[in-house]
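Noted in TrEMBL for the protein shown:
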DOMAIN    7-150  domain 'Glycosyltransferase 2-like'
TRANSMEM  134-154  transmembrane segment
TRANSMEM  166-192  transmembrane segment
TRANSMEM  247-267  transmembrane segment
TRANSMEM  273-296  transmembrane segment
Amino acid sequence: MTRMQEMSLDYHFTVEQEVGSSTYSFFGFNGTAGVWRISALNEAGGWKDRTTVEDMDLAVRASLKGWKFLYLGSLKVKNELPSTLKAYRYQQHRWSCGPANLFRKMVMEIIKNKKVSTWKKVHVIYSFFVVRKLVAHIVTFIFYCVVLPATVLVPEVEVPKWGAVYIPSIITILNAVGTPRSFHLLVFWILFENVMSLHRTKATFIGLLEAGRVNEWIVTEKLGDTHKSKAAAKAPRKPRFRLGERLHVLELCVGAYLFFCGCYDVVFGKNHYFIYLFAQAIAFFIMGFGYVGTIVPNS
């Protein structure tokens with residue numbers, strides 16, 4: 001699971017942040033391994049806890065004050081990824097819900113700002129927020145997990161292969177090429193990201209609508225934290241199995257829908273979409289039953 005996270009993060013750092021830095025355009029600041037000027041912090045208004053992405057909030061406000069960010073790709077800092085599905089889902093909820101909620105709170109402030117150019121406002125609103133933080137998750141889930149399977153049930157609606165296969169395949173390969181050591185996991189990464197797009201879409205709408213879990217903050221549990229807690233504990237205790245934490249109903253429902261569409265395509269279809277539909281349905285079932293990232297190795 002961490003290898004698939006690596007593929008997504010390598011694209012994020014190499015393309016979004018390094019390119020943003022080299023072109024002097026806005027890119028989101030990460031709370032890990034970042035150094036701030038005190039004058040920039042003070043001018044931007046300091047840290048605020050109004051969202052769960054306080055680092056991104058500060059970066060947007062500092063950018064609107066005219067400050068620029070520099071990304072040093074050659075500087076390597078050790079970090080750790082969540083190694084369990086439960087921890088990863090909490091992290092992705094925060095990373096998807098927070099930006100959507102921040103967009104809701106700051107969009108008018110960005111539009112009314114007079115210190116930066118119109119082009120920079122358009123870049124922050126459209127490219128950074130709307131495309132990457134809002135639309136990307138929603139389009140991925142709706143197109144690949146709802147619309148494309150539905151075309152099997154309604155053959156009169158035909159999606160051209162260049163739009164359903166060729167262009168997305170090229171984009172996906174370009175995203176994954178930055179992590180050559182994990183390139184053999186490309187197919188699994190696609191299926192994994194499609195499943196996670198449901199969770200991210202739900203979190204995005206929670207952030208936009210400021211619904212119940214909008215400010216939920218749960219520290220991401222990582223392997224190092226687990227070892228520390230085990231060392232500090234007097235006696236090891238077997239973790240309790242909680243059905244509500246293990247089963248994810250939405251993922252199971254989508255998996256059942258995809259499986260039904262796959263069966264329908266086997267009987268009546270002509271485009272062999274069932275190959276993708278069955279593979280994606282299995283991925284939803286595996287994630288829905290919580291069979292990914294449940295065992296953390298001791299070494």
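Note that Cβ sites are derived from N, Cα and C of the backbone, with glycine treated the same way.
For the transmembrane segment (166-192), same-chain residues at least 6 beyond its ends with a Cβ under 8 Å from one of its own Cβ atoms are 1, 3-4, 6-8, 10-11, 14-15, 279-280, 283, 287, 292. Only residues 6 or more beyond the boundaries of the transmembrane segment (134-154), in the same chain, are considered here, and those with a CB under 8 A from a CB of the stretch are 96, 99-100, 103, 164, 193-194, 197-198, 200-201, 204, 208, 254, 257-258, 261-262, 264-265, 268-269, 271, 273-274, 277, 280. On the 0 to 100 pLDDT scale, the model's mean across the domain 'Glycosyltransferase 2-like' (7-150) is 88. DSSP states for the domain 'Glycosyltransferase 2-like' (7-150), grouped as helix (H, G, I), strand (E, B) and coil, give 95 helix, 0 strand, 49 coil.
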